[in-house]
Amino acid sequence: MKLIAASLRRLSLAVLTVLLVVSSFAVFTPSASAETYTVKLGSDKGLLVFEPAKLTIKPGDTVEFLNNKVPPHNVVFDAALNPAKSADLAKSLSHKQLLMSPGQSTSTTFPADAPAGEYTFYCEPHRGAGMVGKITVAG
């Protein structure tokens, strides 16, 4: 009887170890489907716009903001205009430091648990001129 109990314990331990190893791969493996998108800050013609002005992504995707024309620019996500209405989320996605030279860039990776919906962002120096964009996180 003791031999059977010892064998069952060893078998249980082996099964638990295998399950732990397999589940750790599922948890810690980065998403293979995560993509990077580029949004230009200023159009190629020098207009004060984001190109593209609207973008649809998935949670876990990265958006690179590339300073193109008519600097300075930055990227600020509106705290009131995101699905969670969260100032903390908006702050974590924003890049308030001004990009002064064409070719400079900054990037934002949307968290894997980012709420689905529309996120509005703008350039602080040029918001009044209509430099506003929207990113939709697909659910």
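Glycine is no exception: its Cβ is also placed from the backbone N, Cα and C atoms.
As written in Swiss-Prot, here are the features:
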- 1-34: signal peptide (SIGNAL)
- 35-139: domain 'Plastocyanin-like' (DOMAIN)
- His73, Cys123, His126, Met131: Cu cation binding site (BINDING)
Structural state census, the domain 'Plastocyanin-like' (35-139) (DSSP three-state):
10 helix, 45 strand, 50 coil
For the binding-site residues listed here (Cys123, Met131), which one has the lowest count of neighbouring CB atoms within 10 Å of its own CB?
Met131
What are the other residues, in sequence order, whose C-beta lies within 8 angstroms of the center of the C-beta atoms of His73, Cys123, His126, Met131 at the Cu cation site?
Leu41, Gly42, Leu48, Phe50, Asn74, Tyr122, Glu124, Pro125, Arg127, Ala129
